Each structure stands twice: as C-alpha cells, then as structure tokens.
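Student: Take a look at the following structure, please.
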2 protein chains.
Amino acid sequence: MAGILLVEDDLSVRTGLELALTRQGHSVTAYGTGEEALDHVRARRPEIVILDVMLPGIDGVEVCRRIRRLDSLPIILLTARGDDLDMVVGLEAGADDYVVKPVEPRVLDARIRAVLRRLESASADRISFGDLVIDRGALKVTLANREIHLTPTELRLLLELVRHPGQVLNRRYLLRAVWDHNHVADSRLVDACVQRIRAKIEPVPAEPVFIHTVRGFGYRFSPP
Amino acid sequence: MAGILLVEDDLSVRTGLELALTRQGHSVTAYGTGEEALDHVRARRPEIVILDVMLPGIDGVEVCRRIRRLDSLPIILLTARGDDLDMVVGLEAGADDYVVKPVEPRVLDARIRAVLRRLESASADRISFGDLVIDRGALKVTLANREIHLTPTELRLLLELVRHPGQVLNRRYLLRAVWDHNHVADSRLVDACVQRIRAKIEPVPAEPVFIHTVRGFGYRFSPP
DNA sequence: CTTCTATGTCACAAAACTGTGACCTGGCGC
DNA sequence: GCGCCAGGTCACAGTTTTGTGACATAGAAG
C-alpha cells in the first residue's frame, strides 16, 4: 500500500491514529498543518488523504479544495463536530468521505478501504463481459485470455458500443461518434467494421453473442 | 437525473424520504422489500440505490452484496442503529456510503450528490494536463480544444507515460509495455515515437512541456 | 411465393502507419 | 576546446488499415 497522508494538528490524536493505521498495515505520513500537507501532495503522491477539518492556518475544507485542484486523490475529512452543515460543505468541497471524531481505528480503516476499493473499481482500466476483456489502459482486448488484435477503428467502434450496453445505436450516430462523418452517407462502412470485429471476437460470427443486429435500427452491444 | 431506487420497509419513513428527495429534484422509485429492489435493479438500471439495512426477508447488507454481483451501481446504506460494526460490515459488503437514521433530507441529498460526483469523476474517461486532454473513452486527444491525431502506437506510448506521471520510464520498460518487445534491441524506436508525439503535442518540440528526456534513463511525463 | 430492402460479405486500391538505418546535434567529462 | 555518446531527426519501403462498390443473403411485407 503506497501511503496515507494524515493531517491532524492535535498531536495526541495524530500519533494515536498514525500508530493504529500503521498496525493495520498502512504506511502513514503525518503532518500538523495544511501547508505541509499540500507540499507533501505536490512532492509525493499519497494514495489517500485523511484530513482534519479544524487546522491552524488554512482549514481542512480549504486544503481539500486545493488538493482537488491538484489531483483527484481520495480524501476523507475528519471532524470533531457532528455538525450536518459541516458535512455538506465538506462533501461539496470534493471530499470522498466524512468521519466524525472520536473515531475507532477499526472504523477508519474500514472507511479507508471502502474508499480505495470504490475508486479502484470505478477507475478500473478493464471492463469484462464474460470471456471478453477490454483493457482500456493497455488498449488491448482479450477473449478467453487470448489476445485479440483490433485495429484502431475497430477498437473505437467496440468501445462506443460497449459504452452503451444494451442500447441500440444507429449507423448515423456511430458514423458521427467513431468516424466524425457528418454526412448521412449511406455506406457499408459501419457494417463492414462490425463484421470485422465480429470475425475477431464472436465464436460464431453468424450468431453473434456480443454485437447484435437490430434490423432497421442499428447495433446493440449486450453481454452474453 | 435518471432515478434513485429507495428501499425502506417503514412506510412513513419511505414516503417522507421519497417526497423530500423528489422535491430536491430527484426522480425516485421506492420499494419495501429487498426482492422487489433486486427485481427493479435487474429490470431498469437506477442511477443509485438507497438501502435500509433492516428489511423483512433478505436484509439490506445481503441485498447490497447481491446488487454488487449484478452491477457496480452506487449504493448508500441507511440504518437506524449507530453501530460501528454494522458500518464496517456494510462497507465491506460494497456499499459506497453509510448514513445513520434519522437523516435530514438535506444531508442525504448531499451524500447522494457526493457519491455520484465522486463516481463520475473517478470513472471520467478523460484525463487532462493543462491544455492537453486525453479522452480514453473516445480515444481522442485534444490540445487547447484542437483535436490531435495520434496513431495507435503513439497513443499507447502516451498513455503508458501518463499512467506514471512524474516517473522516469526507461526504454526497455517502454518497449515491453507498448511494443511487447522482449529483446533489448538498442534502437531508435522509442525515441522516434516520442519525437512523433512531441511534434504533435508540444508547442515547441525542442523544449518539451509534457514529455521530458532524462538523459541516461528514459522519459518522464510531467504536467506543465 | 414474390418482392423489396436492410444487412452481410468480399476483394482491392488508396492511404496511413511503422520500424529501420543513416546521419545530425548537443550535453558532458576531460 | 575536443571527443564521445545518448538522444534527435529524417526519409523510405514494407506492411497494415481503411473505405468503397459490387454482389449475396436473409427477413419482412404483401
């Protein structure tokens, strides 16, 4: 685990949490002020930031806003007050979660893991539909663990279809989205491209499992 | 806004929240049992699910797990108890947030918006570095709103560099990651590709703003 | 069954992409 | 300042990709 940045001005709370989180297997760096925290974020990139709202100098909510401007790091706000308004302001500032002190280390740990898990699954670079895995980070597609080579246009078309699972997309839309063609040219372009994709990813191209033809309307991607 | 699925067995709480959320501009569908909720998730795809933990029949946490198995919809758990253990279990089950009843509608609304905003920004298909925007959904790159055409190899290399911002990546690593070349062939391949990318995205290719050369080591992508 | 139309299939030429090797340049140690 | 070497630049040919038009086929309507 890369590193938690803990920002809390109360020394006893800080060392207490630092110790507890370290015990839970996290690697923790702790600071007492917002300025130090911002420097740390700029220099290294912590995996997650736990930020007290009440800080000397720049307050936690403001630090949160500034971090947001730098990066989309997950941020958990920590507050002594149970004030609802506070919470609304904090979440509006871009915090990912909001925990009220005193907090049980076990609970904080659960929330940290929840935020990280959530982010990980949301920003996952790969989408899979049964045997078909589309790795958007590496721009690679695999079918049953065998790598499939798709050309750029084919990949773009597949991604466009996959982006709207279950939806029927018509040819004109696809021409605009994938080819930037505005003219409503009646051509076999989309069909030919779909055919090429099917030839590569469909076990039996004549009975497509992924890309379905909807006669008179267009194509629909739906997982098997 | 597409639709909130509210699951709560207590009729008065349910209608109260339904009314309040509707007033806040959401479109709400409400059910009293987990079974109905699961059916609803399967049939329509709500944008977010708000789920009471105490439900007759299948309890909320279990419903949460089952929804997770179907889809990665955002889920907010709602509980009458303030029990910490409950919360840990809920978050482990894959909930995105956890709110204790009685809850102020304004607060619930804030959390709903926070969860949605978070997910939206996390799954955002575009990363931007100053003027440079990489849209990974459409596989397009724009510089100051002008579209830049990158070839597949160039895009792959750029994505690989961008994936490790601030890190120096050496040629061997890049050859393996982008070209699948295992042989440590000393070639101008990476250099040539970097040059082509620079020619397209750097205002002054001789003084790169995005892709920096680190003599003797490799290349580093760092936002301006 | 017949006809009509939307879609599937295919081959091919034009266009784009890619890797390579040759040569140039500029930073660095001496 | 000199020489060395990592990296920059470039042109080109081999390869891949792409759009097109012609033709085949299958589903729907009558």
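Quick reminder: no glycine exception, Cβ is built from N, Cα and C everywhere.
Okay, these came from TrEMBL:
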- B:3-116: domain 'Response regulatory' (DOMAIN)
- B:Asp52: 4-aspartylphosphate (MOD_RES)
- B:124-223: domain 'OmpR/PhoB-type' (DOMAIN)
- B:124-223: DNA-binding region (DNA_BIND)
Student: Could you give me the DSSP helix, strand and coil counts for the domain 'Response regulatory' (B:3-116)?
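Tutor: Across the domain 'Response regulatory' (B:3-116), the residues distribute as 55 helix, 22 strand, 37 coil.
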Student: Let me know how many other Cβ atoms fall within 10 Å of the Cβ of B:Asp52 (4-aspartylphosphate).
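Tutor: The answer is 24.
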Student: Within the domain 'OmpR/PhoB-type' (B:124-223), what mean pLDDT does the predicted structure show?
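Tutor: Summing pLDDT over the domain 'OmpR/PhoB-type' (B:124-223) and dividing by its length gives 86.
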Student: Give the residue counts of the domain 'OmpR/PhoB-type' (B:124-223) per reduced DSSP state, in the order helix, strand, coil.
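Tutor: When I sort the residues of the domain 'OmpR/PhoB-type' (B:124-223) into the three classes, I find 34 helix, 25 strand, 41 coil.
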